[in-house]
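Report on one structure; see the data block that follows.
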């Protein structure tokens, strides 16, 4: 329940466009086509990033990944089983 | 020979006579050979001889010889013996009509043998044909044997018979059986260095767990039960939600970082450049503002930074108003997330003070308005304190104004002190599951009996005075100061439970805060609602410095980086920052930090590491401010270290200035 509250807070935070929770295979929130696309692509990228970090030093691990683009910023926080993606419009 | 040929001659003659027109009367001989001539009439040639009968019957003999008519009969040869030509008697009579050179060779001739050898034809084939054994074998198989190379069974022509029989062939039968294929599953994984490392870690953890299990014998069953559920890690993370909670927290912080990006940048990097132009004055740059919805009605009654996690601080919420007592809250914020607290503990009574243990960042001691003290463990999931004092266990009868952790006692139990309006300074020890209290000192007015006629004693309190604040010496463990509601400050020792070492008549009203200097071991500061802030040398009974701030001073704090810098907050919403090494009389910064004028600032704390301060007000907000460089001036290192700060010469000067009856003995910092 704490997690849900946190998620709600994130969703209502200023500038946040969307949040997606992805499990190891698919997604748990809306099965929109965009969501599916996001989930799949980001999952792969996160795996790659994590692999890179850990290959360099196995004791290290990926905490989060930020992708800042012209339009908005995508933040991905990986976990053992889940992936939490938040798209925010950084206040500029 | 002549008779043999006579008939033939006759025939020949007759034939010839036919041709030449000779007429013969041998009709039978004519008739045999020449039937086709019978039809014809005989024509006599004109010049044919007419012979008589007798002549006709004459027999002429013709002799057929083998003489070659063409062969010469008169060949002569010269004979050297007789020196004359002699005729050769016999002449070769051979007449060759036709010659054809043949290409057949006799098989046994040399040439044939040579040729055979060349061609590689086996002579055995011939031998087999040659070797014909007697006994009736007349058939020459030479033809076959020449052709084939194998040894042919030579069958007996006469009594050879072939016999064959066929056995019964077992009928062929195909038999098969099919099983269900074993269940298959596709498995794919990558074998990276880190994957291997992970597996090793897991194995290691399991091993350690097993060791622990082996030790904890009575609890074996419980452990096993739990073990079977949670295979990978220690904390029970079988719950999916908790896993995501951690991640969600990270994301929340990231989102906040984005939103408050400029503040974060300011916090880290901004240095007010205009300070160079301002000489000595400095400013406070507002950074984050922390507020919690549910804490809006409450005032910030206590602030404390966490020593181990430098971005975490605790806020105690309650109310100073006697009439409006309700619930309270203990809230922890992190600088990384200003929108929502990290930990929230609602309490039944308002909190008045708190302290976080220096070494154990999860232990928090809290003093309540209703006189209770409690200890919270942040690691625990529950919202209840792990220890709470009750009426039986010696809780105070009046609000607890200050708590402070002490070093672990000899039994390695944690303990803390509390001071309350009921006049007691109590030490609480966390023994297993209980809170054991020990009265350390009773702030009695008995010690001030002698001052009875002098001082403005409040007889309502009976014989005890109300302690409102205390502080322990940084180095001398047993030494501590207690400020009272009467405005006195007592210097006490843990050893003496009834007597004070010293008493200072500090203020006219209650002493709100008393704090030892972080560096200088003799100096402490005190503030009071009588609008003053005073700096003392504990060996001298009168204050070294007195500052009048025009409003009731809620709290004062020394800075951790300089021994001459301190800050005070007043109820008019201002933060006053002083640096004694720069300006002894005035604040180098006086800045209102709250929007509304009515809000009163209640507490202030310096961050031990970062150049920021947090200020709490009576509306439940906590504002963080960054100190501008002027406020953070470190003195030129005369002695290298920071301990006795500010040149002692200067202090000596101050002493002289302030001196009424002082001995400029010990330098003030």
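Cβ from N, Cα, C; glycine included.
Caution: TrEMBL annotation is automatic and unverified by curators.
The compositional bias 'Acidic residues' feature in TrEMBL is assigned to B:124-135. As annotated by TrEMBL, compositional bias 'Basic and acidic residues' applies to B:136-153, B:210-229. If you look up TrEMBL, you'll see B:154-165 marked as compositional bias 'Polar residues'. What TrEMBL records for B:109-165, B:210-233 is region 'Disordered'. Sequence annotations record features per position, and here TrEMBL assigns repeat 'WD' to B:504-537. If you look up TrEMBL, you'll see B:1-17 marked as signal peptide.
Here the compositional bias 'Polar residues' (B:154-165) is broken down by DSSP into helix, strand and coil counts: 0 helix, 0 strand, 12 coil. Residues 455, 466, 468-476, 481-491, 543-560, 563, 566, 568, 576, 580, 642-645, 666, 668-669 of the same chain lie 6+ residues outside the repeat 'WD' (B:504-537) yet bring a C-beta within less than 8 angstroms of a C-beta in it. Residue counts for the repeat 'WD' (B:504-537) by DSSP state, with H, G and I taken as helix and E and B as strand, are 0 helix, 20 strand, 14 coil. Each residue in the repeat 'WD' (B:504-537) has a pLDDT score, and their mean in this model is 85.
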